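Chemist: Pasting the relevant annotations from TrEMBL:
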type     : residues : note
ACT_SITE : Lys199   : active site, proton acceptor
MOD_RES  : Lys199   : N6-(pyridoxal phosphate)lysine
Amino acid sequence: MNVPLLDLKAQLDPIRDEIQAAINTTIDSICYILGPEIERLEKDVAAYSGSLAGVGVSSGTDALLAALMAMGVKDGDLVLTSPYTFFATMGSILRLGAEPLFVDIDPVTFNIDPEKAAALLDDPAIARRVKVLLPVHLYGQCVDMAPLMDLAQKHGLLVLEDAAQAIGAVYPVVQNGETVWKAAGSIGDAGCFSFFPSKNLGCMGDGGMIITSNLDMAEELRILRVHGGAPKYHHGVIGGNFRLDAIQAAVLNVKLKYLPEWHAARRRNAGRYQQMFTQAGIVDSGDVSLPAAVYADKAGPQPTVDYHIYNQYVIRAKDRDALRDYLLSQGIGVEIYYPIPLHQQKCVAHLPLSIMSYPESEKAAAETLALPIYPELTEEMQEYVVNRIAAFYKAK
Ligand SMILES: *Cc1c(COP(=O)(O)O)cnc(C)c1O
């Protein structure tokens, strides 16, 4: 059996006509850069995430870069973030002449540990240089934001959420004893999304968006998106070409409607894995540990609460590399996100952070493996995946 890590054709087939019609309408509109499709998408994504404004941009990376620019991050600043994430998070900090201040991750969620962040900021010499907290909601589950927001307030810092993998994922905020679910990107001062094809909401190329309820910041971002020109050809600041294509927005406007059901299907698949792995005895043996949805309890029996959107379903596995090779040989698509933590990347070898140690991030990089979790995955395919993993450990 062949089980790919992601099957975008299976997603496309049922909505192909609708998407082609939307693309054709955009082609005929002769409006290819910014315009009504983008405005509609900005409004709908912001509303979907409970934010006041959206600014469509050219990629998730450019969303991070533009947002950090709008927040005034510059040479010599520190931006607190995770060493265990996609490169773009660190890359956008470094491109502005700033440096990442890494906080190690929580071993259960793979997200930064707020207690470790608090401990770092206790040093006034460090706190003075930090400008922004940049939590990454890895794999589709939110960072524990409440203690981070407290820290930001205490130290007067801005919070930018890297929600590239977590559009629509919600986090339980307790207000007056009641739980209010807030969506990724709407909790801090701004949040960044990526519409890269493999994200839960993906376009047919590159795309991204920043959401914020700070309307001044939204305006600043709209100016930065067009080289800082406001009005046109008058450049008070230096921006970039960070625009989103109208054709990509048209595709996303169709897909956004289906996002809640895709999230629900991914969560159903995660539930099935949980059951199948447990039944196969692989969890009790300690060979594999499954991802934990840490906010699920607060959601109670409501299946519609997107406490985890499973952009990736990431297990920890004994003998990870051998398991990966075996599964690939069995026709199962798996991937390592991410094999090298950011402080160990060659491009930062000249920086002091490269000699630091982040043991949980290093351990995760050595142990994790992403399994297929996409919405159209069938029960039969999942049985095959679990069955092959069971066979691998049995043979050992
Ligand atoms: C995908 C991703 C990005 C970058 O998005 P692009 O659209 O590929 O530029 C940034 N951060 C994280 C955590 C991501 O997963």
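Quick reminder: no glycine exception, Cβ is built from N, Cα and C everywhere.
TrEMBL entries are annotated by machine, without manual review.
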Chemist: Can you tell me how many other Cβ atoms are located within 10 Å of the Cβ belonging to Lys199 (active site, proton acceptor)?
Modeler: 21
Chemist: DSSP three-state call for the residue listed as 'active site, proton acceptor': helix, strand or coil?
Modeler: coil
